[in-house]
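These features come from Swiss-Prot:
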| type | residues | note |
| --- | --- | --- |
| REGION | 1-95 | region 'Disordered' |
| COMPBIAS | 38-50 | compositional bias 'Basic and acidic residues' |
| BINDING | GLY721, PRO722, ASN723, ALA724, SER725, GLY726, LYS727, SER728 | ATP binding site |
Amino acid sequence: MELSLQGSLFGAPEPTVNAPNTRPSTGDLPNPFNSDHNLSDADLSKDALARPRRRNETSGSTPTAGVDPDDRADETRDDTTSTDEPAWGHHSQLKPEQLTPVLRHYVELKMAHPERVLLYRLGDFFECFFEDAITLSRELELTLTGKDAGKAIGRVPMAGIPHHAAERHCSDLIRLGYSVALCDQLETTPTKGALLKRDITRVLTPGTVLEEGMLTARRNNWLAAVVVEPATQHQPFRWGLAQADVSTGDVQVLQREGSDGLHQHLARLQASELLWSGDDPAPAWCPDRVGLTPMSSTPFSRPEAEAVLLEHYNLASLDGIGLPEVPLALQAIGGLLQYVGDTQPLEDNARVPLDVPAIVHNGDSLVLDAQTRRNLELTATQRDGLLQGSLLWAIDRTLTAMGGRCLRRWIEAPLMDRSAIQQRQTVVSRLVEKRPLRQTLRRLLRPMGDLERLAGRAGAGHAGARDLVAIADGLERLPQLAAQLNGQLTDGPAWLQALFDPQPQLQELATTVSNTLKEAPPLSLSEGGFIHDGVDPLLDGLRNQLDDQDAWLAQQERQERQGSGISTLRLQHHRTFGYFLAVSKAKTSSVPDHWIRRQTLANEERFITPELKEREGHIFQLRARACQREYELFVQLREQVGLMATSIREAARAVAGLDALTGLADVAATSNFCAPELTNNRELTLSAARHPVVEQLLVETPFTPNDVALGNGRDLVVLTGPNASGKSCYLRQIGLIQLLAQVGSWVPAKEAKIGIADRIFTRVGAVDDLAAGQSTFMVEMAETANILHHATSRSLVLLDEIGRGTATFDGLSIAWAVSEHLAGDLKARTVFATHYHELNALAGERDNVANFQVMVEETGDNLLFLHQVRPGGASRSYGIEAARLAGVPMAVVQRAQQVLDQLGD
């Protein structure tokens with residue numbers, strides 16, 4: 001759309017001394033219509049004092065003449081039309097001296113980053129060549145073309161992406177597991193006879209990205225590093241691990257023994273990237289689908305790691321943070337920090353803000369192995385891997401991204417410290433009781449930005465103007481939260497105290513940002529126009545000069561219109577051609593002789609004048625100075641925010657925890673949950689317990705609640721009943737309620753008395769592992785062995801069908817022996833669902849074993865599953881009836897009944 005000068009800001013009256021609606025002229029300043037673009041900073045500041053700008057006053061930082069409708073970024077490239085097949089598929093096939101200067105530089109950078117996809121800025125595109133072009137074309141389904149590399153070589157593969165779409169395409173590559181090196185232009189005008197200066201400005205890897213579009217908002221993005229010591233005759237396998245979410249600054253280290261423990265931890269962590277210095281590309285302890293990034297062993301050496309830690313955290317000694325006690329973990333965090341530094345080329349005074357490593361000790365959290373996490377469907381469904389249908393989906397009422405991440409971490413690592421659990425539960429209970437408080441807090445939390453990640457981007461020097469505005473908005477809400485919390489939740493977790501009395505420095509920072517940046521700044525910093533008027537005298541002076549130029553352009557349009565007699569003449573601007581006078585074809589005969597034809601279009605002619613061309617240069621230089629000054633002011637502000645990243649994150653984590661607790665309270669209040677009584681004994685007593693997920697998925701029928709009683713003299717429950725009657729659901733709901741209680745949540749039951757568990761084991765369902773050469777039965781036995789080796793009297797064990805993958809008597813014998821061991825030697829609290837009705841006899845042999853059954857009502861040939869668990873053992877499994885209900889052909893069902901009758905006889 002073309003914008004006429006009439007009715008625009010250019011239509012303002014010519015500024016004269018004391019004219020209405022204009023700033024007064026100053027006698028000793030240059031005439032604005034003869035403006036000198038080389039005014040000194042002092043002159044410009046003087047102008048700003050003489051003609052002060054008010055906040056939100058219109059700025060001249062962007063072109064204000066009419067905009068040409070064809071003023072679009074040129075996204076055409078050379079070398080894209082030839083159909084010749086590129087001849088060279090890999091950069092190593094050629095000698096660098098044979099290549100053109102651009103390709104030679106590309107190859108030099110590629111040799112420094114061989115493991116990464118190199119995107120090389122050429123004009124409006126990021127290009128890839130050789131093997132990277134083939135990769136980019138294949139993975140992103142882009143056209144593979146070629147570029148001429150000289151007569152001796154011919155064409156080489158080339159593929160590219162528009163620079164404005166780089167983040168989206170890089171995000172796709174990161175999600176596919178690739179690392180990306182971005183080579184950008186560092187100057188706009190090359191030195192005479194030289195190429196534009198280019199260099200690597202960002203290295204993006206799955207574990208170190210900071211960009212919002214490359215991260216999952218409600219999930220931590222873990223980068224991990226591991227150091228292992230193989231087992232010897234004198235010591236077991238030992239390992240140290242460091243994990244960091246570079247986007248939030250969270251850093252943890254741990255050191256343990258046993259390769260199984262390492263495998264389980266990595267399976268839970270689901271790190272985006274795992275660093276290690278070994279040669280094996282697929283070590284046995286590494287779960288599938290974890291991306292291994294090999295590194296040199298040097299960063300992991302003890303001396304190198306200590307030096308990196310001392311420098312990064314500006315410490316004199318590591319003793320104060322306890323790392324010498326976990327030497328393997330110390331080496332792991334050293335390698336991780338070195339990698340982060342190598343992949344983050346930062347501006348001066350910028351550093352990715354990372355917390356001092358927190359040591360995770362044994363016994364801090366409830367142990368959940370990978371099988372249990374899958375069976376209980378904590379964060380994803382077992383069949384489809386979807387969030388919907390998982391526990392997290394059912395109870396996540398958080399309103400912020402950081403609150404969502406916090407709740408996920410709590411579910412993945414429930415607490416074992418009773419006092420810490422009760423502190424969370426106390427807050428949940430208080431918020432359930434105080435509905436107005438809960439609703440007010442949720443209203444304040446809803447618009448809160450992701451302060452954790454925003455602060456990280458500011459500290460690393462990657463934050464934009466909108467990021468800083470979001471930080472200020474979030475910080476300005478802290479006093480409102482404090483006012484609501486005052487005297488309300490004082491007996492909650494210690495970290496919540498950060499919200500009761502927000503740091504004054506954070507409020508001062510928020511005020512500074514709000515007074516400096518406009519509320520809705522442009523996305524790109526290069527556009528300018530995001531700093532308020534009145535912030536900086538030099539910037540105000542430049543804007544005054546630009547306003548004067550706008551007035552000159554408006555006057556020039558009027559003069560040329562009057563002089564030519566062309567009433568439809570317009571003065572417009574094009575990003576490539578600059579300022580010009582646009583005249584329709586019908587009026588070209590009236591064009592004055594001193595006009596110079598600039599461009600001919602289908603319906604109009606475009607002209608310039610020497611005076612307009614000269615003034616254009618002045619305007620462009622003033623605008624460039626204004627944009628540069630805005631950027632300088634912004635960088636100063638961003639550094640100021642970055643220095644406060646640690647304090648911002650401390651407040652952000654308190655907000656995240658409050659969001660998680662408020663969400664749990666909302667679930668409890670609206671879903672008829674109860675506050676469990678937590679004990680230090682082994683009791684697990686539930687009245688009218690329900691499955692927190694299934695009851696939400698049921699639409700037409702209500703969920704049937706059931707009781708549970710374990711631990712008070714009853715260690716093993718043998719659960720029998722028909723197929724498809726709900727035994728597996730009953731097992732899972734027990735495990736989920738135990739877990740929710742240790743998260744600090746209320747639970748879906750009428751009443752609950754729950755002793756703290758050290759581990760939850762589940763063996764529900766059966767799958768084979770063909771890749772590992774294991775049958776269904778072998779997988780079942782391996783899982784059972786894991787339980788028997790690691791369960792204690794404080795563990796909760798949930799078993800569904802052991803021994804069914806082999807001969808009947810073999811399976812029964814195994815199931816019997818496992819049951820005896822759990823009830824006798826271990827005394828682990830166990831519910832064992834089985835179709836081996838012979839196991840009901842155990843209750844007559846052991847006082848701590850009880851029989852329960854899932855009830856079914858049989859009327860003629862029909863079965864009605866009641867889903868009610870009652871004392872006693874079932875004598876039938878109704879397998880044939882279940883087969884009929886599943887749609888097995890009637891002839892097969894009838895024959896099965898005949899065979900069953902014969903076997904019974």
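Heads up, the Cβ atoms here are built off N, Cα and C, so glycines get one too.
A quick note: this is a predicted structure, and the numbers were derived from the prediction, not measured.
Structural mapping of features recorded in Swiss-Prot.
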{"residue": "GLY721", "record": "ATP binding site", "Cβ within 10 Å": "28"}
{"residue": "PRO722", "record": "ATP binding site", "Cβ within 10 Å": "22"}
{"residue": "ASN723", "record": "ATP binding site", "Cβ within 10 Å": "17"}
{"residue": "ALA724", "record": "ATP binding site", "Cβ within 10 Å": "17"}
{"residue": "SER725", "record": "ATP binding site", "Cβ within 10 Å": "25"}
{"residue": "GLY726", "record": "ATP binding site", "Cβ within 10 Å": "23"}
{"residue": "LYS727", "record": "ATP binding site", "Cβ within 10 Å": "25"}
{"residue": "SER728", "record": "ATP binding site", "Cβ within 10 Å": "17"}
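Under the DSSP three-state reduction, LYS727 (ATP binding site) is assigned to helix. Within 8 Å of the centroid of the Cβ atoms of GLY721, PRO722, ASN723, ALA724, SER725, GLY726, LYS727, SER728, where the record puts ATP, the same chain has further Cβ atoms from ALA833, VAL854, PHE865.
GLY721 (ATP binding site) falls within neither a helix nor a strand when secondary structure is assigned with DSSP, and so counts as coil. Sorting the compositional bias 'Basic and acidic residues' (38-50) by DSSP state (H, G, I as helix; E, B as strand; all else coil) yields 10 helix, 0 strand, 3 coil.
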